[in-house]
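Taken straight from Swiss-Prot:
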- 411-434: repeat 'LRR 1' (REPEAT)
- 459-480: repeat 'LRR 3' (REPEAT)
- 529-864: topological domain 'Cytoplasmic' (TOPO_DOM)
- T551: phosphothreonine (MOD_RES)
- 560-831: domain 'Protein kinase' (DOMAIN)
- Y632: phosphotyrosine (MOD_RES)
- D684: active site, proton acceptor (ACT_SITE)
- T718: phosphothreonine (MOD_RES)
- T723: phosphothreonine (MOD_RES)
- Y731: phosphotyrosine (MOD_RES)
Amino acid sequence: MDTCTRLLFAACATLSILHLVQSQNQQGFISLDCGLASNESPYNEANSNLTYISDADFIQGGKTGNVQKDLLMKLRKPYTVLRYFPDGIRNCYSLNVKQDTNYLIRVMFRYGNYDGLNNSPRFDLYLGPNIWTTIDMGKSGDGVLEEIIHITRSNILDICLVKTGTSTPMISSIELRPLLYDTYIAQTGSLRNYNRFYFTDSNNYIRYPQDVHDRIWVPLILPEWTHINTSHHVIDSIDGYDPPQDVLRTGAMPANASDPMTITWNLKTATDQVYGYIYIAEIMEVQANETREFEVVVNNKVHFDPFRPTRFEAQVMFNNVPLTCEGGFCRLQLIKTPKSTLPPLMNAFEIFTGIEFPQSETNQNDVIAVKNIQASYGLNRISWQGDPCVPKQFLWTGLSCNVIDVSTPPRIVKLDLSSSGLNGVIPPSIQNLTQLQELDLSQNNLTGKVPEFLAKMKYLLVINLSGNKLSGLVPQALLDRKKEGLKLLVDENMICVSCGTRFPTAAVAASVSAVAIIILVLVLIFVLRRRKPSAGKVTRSSFKSENRRFTYSDVNKMTNNFQVVIGKGGFGVVYQGCLNNEQAAIKVLSHSSAQGYKEFKTEVELLLRVHHEKLVSLIGYCDDDNGLALIYELMGKGNLKEHLSGKPGCSVLSWPIRLKIALESAIGIEYLHTGCKPKIVHRDVKSTNILLSEEFEAKIADFGLSRSFLIGNEAQPTVVAGTFGYLDPEYHKTSLLSMKSDVYSFGVVLLEIISGQDVIDLSRENCNIVEWTSFILENGDIESIVDPNLHQDYDTSSAWKVVELAMSCVNRTSKERPNMSQVVHVLNECLETCEKWRKSQEVDLSSPLELSIVVDTEINPKAR
């Protein structure tokens, strides 16, 4: 890889001086002391004189805490209090910034045992809709600092804490510092600070006010170096970078003049791209017969021409094109040339790695509009934080968005605020949602007139204003739109639908009579339905088997008053229980469940008639007025996802065990497709729905979305259902469900089993696991796909075979995918091959078994 070089010398001195003056007065700085009481804000921090303010106006929720008392004297004031978030999954700070501005963004976390639990939290940190990093206080000690340099895409910057486990996210401070636009530029994405050293024998950290940009400089000196310093002023000719005088007046060089000056470091991820900034100033008296000249060598490759530092003048070297380090081990060396009589020297060194934030934020005008609507009605929904549309799992309640791809800003297309207790008028900010297709403000207490601007929103297809206190006339322009196909609902309001006069008395009388008749009809219908349930209605007496039915009181006893929680999901909470001295898992339907009685009924009826050793067994169910519950055999090792994601307490699955789990899961799905009459499509195959026994026996679970195929094997139209990332794209596009939809989902599970990767990971360049695998396979690199936790302890032949099988399963065209019987056959072969490898690794297994099904040539692995 060619590396661009750049040496910045004296230029634009006047602009630099003006810039320094602006920086020294903290212009553009944002310094939040998280958890600080509003009545203590603002204050000037004693050491830096930085002005900190309370975070209360920038966050919707959270509670405040204090680090334990024995730490108070050791910490700077911003780190003595904190804000923690026991409620909600995503909690976001919303900061007003300047668009297209280069910011140093620094976030500090100091646990300080504020809760007295000695339980170091672990959670995810997001920048807008993209994951930034995982904060793990257990691995990083009591304090964690994360810093990036990032160019803002809009005037709003969201910094979000996302709960990922049982621990509670917390934060101590947030600091933003504007930088010059053309400094610290990554080739793509942003820069994540790895470290920032200045070379001195002092123990003092340097930051503001010595550093006008409030960078934190860490002191470093190695035993093989000699420390040098000067009291002379060093000219700062580096426009925009502005290194502090205290950094430039000190430095280091090798104690042995013939040795190179060497710095080594290990990257957190071997594939990280590296950017380095080297600050050099000649701060020694160099005699006329002396020369200091050296080359800059990174990983044994020269990256800069021979360089001679200028006396008492600072210069910076950096690479515009990122570097990579083999195996994640990096070595920087300053090596003197044959012409040089003096050893190399260096004053300071900054190390960054590239970080990508690929997902575009929601269209800024849409964000401003929906936040204005939120403010107009005083909405305080816990989900209404951060980006409204992305990531999908954090979509704001009541919104639907059009998300095309990661590079295109999502647009809000539906706003549903029905039954939200809204008061006041319909705000004009709604018209700024220019792509809105559906608007539902029904069943609120809205007053005033129906605004004419609704007629000008050209994409609106549905407007539901029923059940409010609106008055006046419906604008003629809106009635004209209704004639053109707009669905307009304005009943249960004091509204005149036609132009002209109000309803006459006769019309009112007729209306009253009509209402009376309607009420009478509804009463008759209600009485008839009480006598005989309609055929289409789901009734609680429709189950064919009552011999496994339990009362809610029975469930209470089984779970010992719902004492031990072993899992949570879309259905509700799963409790550990005991029935007839046998362990059981009891899944209790939550009142707020996104699923509900229809899926409960589907699962019970299916499991009452379908039995197979690779399907989780239903022991019984509860269906009474007090609640709904499903009672299963207990699978002691939890679900497959927990073991692949490295959940604490879960062991790393060996390669043979992974193949065994894949085969047993495939057998379960195959039985649904071929062994049941009528045939069944699961519709929600994923790693969390594959449960493991104490012996790691795999069984398929969660049949709430399953559909029976009454006629043949042809695809059948149905409402799209499933889980994002596992969903068959052809099914999603056409709404035609087939057995091959399960095959696609199972192919995604196979990729998880092979790689241990998340199905969707926004920190990857190719965030979807299918795209990620396809990209790697272009180079035939199996080692980069297989889970690194296996430490290369796997059979390459069977691994390739499974990768090929997985990629054939996720073919975008369903006809090109294998059926589940073919999948089972191939996995059987893979397991046999693996067993031979395991028993005797001396046996030559380099000749792979050929896949007997058609594989898409575009995604077929190209090398072995």
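In case you wondered, yes, glycine gets a Cβ from its N, Cα and C as well.
Cα spacing between T723 (phosphothreonine) and T551 (phosphothreonine): 32 Å, rounded to the nearest whole number.
Non-local neighbourhood of T551 (phosphothreonine): C622, D624, N626, each in the same chain, at least six residues away, with C-beta under 8 Å from its C-beta. For the modified residues T718, T723, counting C-beta atoms within 10 A of each C-beta gives the highest total at T723. According to its DSSP assignment, T718 (phosphothreonine) is coil. If you take the Cα of Y731 (phosphotyrosine) and the Cα of D684 (active site, proton acceptor), they are about 13 angstrom apart, rounded to a whole number. Secondary structure at Y632 (phosphotyrosine), taken from DSSP and collapsed to helix, strand or coil, is strand. Comparing Y632 (phosphotyrosine) with D684 (active site, proton acceptor), their Cα atoms are 18 Å apart once rounded.
Taking a C-beta cut-off of under 8 Å and a sequence gap of six or more, the residue listed as 'active site, proton acceptor' has these contacts in its own chain: D702, G704, L705, S706, A721, G722, T723, Y726, S745.
Following the DSSP three-state reduction, the secondary structure of Y731 (phosphotyrosine) is helix.
Summarised by DSSP class, the composition of the repeat 'LRR 3' (459-480) is 5 helix, 6 strand, 11 coil.
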